[in-house]
Amino acid sequence: MRQIVLDTETTGLDPAQGHRIIEIGCVEMVNRRLTQRHFHYYLQPDRQIDAGAMAVHGITHEFLQDKPRFADIVAAFMDFVKDAELIIHNAPFDVGFINAELARLNQDWPKINEYCAIIDTLSMARKRHPGQKNNLDALCKRYQVNNEQRTLHGALLDAEILAEVYLAMTGGQVSLLNTAQQMAQADYSATIQRVTTERTPLPILLANEEEQAAHEKILQNLDKSSGGTSLWRSLSS
């Protein structure tokens, strides 16, 4: 299974008011393992960034002046997420912004939620932990995921952290299956040593005269005790 963990940063809260995506970050997982493949761009929004949004992510308008626009990276983005399941925290927010960007292009791109299946980890966390804080920082603390480097929000960093949270929240049981599959497929031929069944013949040692005399004495005692011929003497006769 191929999954893409995705996050965005924006100029504000509402795409209907003209707010735009200014950073998009994605990390790839295949069969619940991070592949180290990622997709990451800062984007020129052609508008100012709200002060409240800037306080969250720290991205300035000046920093974005030489960055590409969403139209410049849309084909690469859609190719990267094609046939994947998207994992997003508070998915309606990011999906709404991505769909607004796609619609603005007038290029017949489908809505992202029609192009990919979506998993909302916020909805998942609320079902698992009702009445508790379920933002990314709270989930990191709950599932013991290290987020010390997260002083400001950043799309790629948050996607990487969310991937770890998602794996912890969903139990990691498939990772164990992967390990079993790897063991089954491993080549152990170099460590296998065949055991030979050929053995050295055991030596035959005959009793000496003294031992034969002692044995005969024992048989005579057995004959006497049994009132006749002992079983041993009958078998050996």
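Even glycines carry a Cβ here, placed using N, Cα and C.
TrEMBL entries are annotated by machine, without manual review.
For HIS153, the entry in TrEMBL reads active site, proton acceptor. Secondary structure at HIS153 (active site, proton acceptor), as computed by DSSP, is coil.
The divalent metal cation binding site feature in TrEMBL is assigned to ASP7, GLU9, ASP158. Following the DSSP three-state reduction, the secondary structure of ASP7 (divalent metal cation binding site) is strand. Non-local contacts of ASP7 (divalent metal cation binding site) by the CB criterion (under 8 A, 6+ apart in sequence, same chain) comprise ILE24, GLY25, CYS26, ILE88, HIS89, ASP94, ALA155, LEU156, ASP158, ALA159, LEU162.
Marked as substrate binding site by TrEMBL: ASP7, GLU9, HIS57, ASP158. Here HIS57 (substrate binding site) comes close to GLU9, ILE22, GLU23, LEU152, HIS153, GLY154: these same-chain residues lie at least six apart in sequence, with C-beta atoms under 8 angstroms from its C-beta.
If you look up TrEMBL, you'll see 2-175 marked as domain 'Exonuclease'.
Compute the center of the Cβ atoms of ASP7, GLU9, HIS57, ASP158, which mark the site for substrate; besides them, the chain residues with Cβ within 8 Å of that center are THR8, GLU23, GLY25, HIS153, GLY154, ALA155, LEU156, LEU157.
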